[in-house]
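Working notes, structure below.
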């Protein structure tokens, strides 16, 4: 039995070796020489251009190394300040938000600016990680071939659930070339990630022009999805394909306007609606007035689904309340802040304001040709449960989701590729920053610090500090996320 088991194990290991596979706990790795010819073709294409390309990348990589330290230092100070204040700022105000990820050189933590990861967007997330890692490693591989370093193969891996990529270079060749040549190779990954991020940003910025023959923009926000539990879901709510043009008196020309209008509505006090004195007298009916626990006033029956308590003032009394049918009052009414906003054609009018609980708003959503949607609740609940697009198809057969897919994927590429560039540039053990720093010190300090072991000691101390800085950001960042 033991002999059979050993034979099976040997056969399994031979099979893995044949196909370039390596399996270990939480880690699956595949390496191949299938793409070597393509890499050599890229590395020998227009040598002068590649020399200039990777020389610019070298300068960028060195600047990125120093810049990443400054950025992480500021982020650490911001995080510590938030921890020490009684009312910390929102997480979106932080310069970097640290989340777990896997860069090309192994497991570490990657900074992703301002990205939350809904389950519905896992595909974008992992695809962007893989593409960013592949582009990163293509940079290293092509630069190595350009500098006459032997290229052994390319591979991809999965650590737990995170994908990544790597290239296998002949270490002896790397050690024989000059520090400047090494810098071109080591900085190429960071440089390519930066270029990928810029390219993705340009696609995102130019997307209206790119899609102009098929989609038009600037006419409203197109509803692409309404969550089942959304307060906007219902017979008089929003439906897929509706075009939102106004929130209250705030015009909506695109998704950014939608978010901006909801933010303003949330921060400002509830607007009122102009109602003539005759209409107010006709629609109002007697109701008992009582105060809620938060101090606001209610004057309608709790069982009513159509009536809302409105407050208003006249010349004699500044605290009057009336229970009114919301739709009849609001439809075709002008929004207002005071009674002065309603004076028109000498018709006595009042500015009646919904008397709602704190943070709750009554919002009139225009989506012609349909009847206006009246929403009562927190504005952010509306924002979180309704998905929209700024792109409206010119033809019915065109997908309303395609521009959203492109937009979302570009945003993930910008965030993740940029994060990979920033983190790999940090002078930290096991990251590109370690090799960038060592080559940089060899290129700049050889005449000042003659002894090699002394230069290595300087590099070790800097790497130790950089690793501690990154680890501190990771630990405090994760603590801030999990503690809330």
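Yeah, the Cβs are placed from backbone N, Cα and C, and that goes for glycine too.
Note on TrEMBL: of 75-97, 98-120, 190-212, the range annotated with the feature transmembrane segment is 190-212. Within the set 124-144, 229-249, the record from TrEMBL flags 124-144 under the feature transmembrane segment.
Record note: among 26-49, 50-73, 266-289, 50-73 is the stretch given as transmembrane segment by TrEMBL.
When the stretches 190-212, 412-437, 457-481 are ranked by Cβ pairs under 8 Å to the transmembrane segment (124-144), first place goes to 412-437. Using a Cβ-Cβ cut-off under 8 Å and counting only residues 6 or more beyond its ends in the same chain, the transmembrane segment (190-212) has close neighbours at 54, 56-58, 60-61, 64, 131-132, 135-136, 138-139, 390-391, 403, 406-407, 410-411, 413-414, 417-418, 420-421, 424-425, 432, 436.
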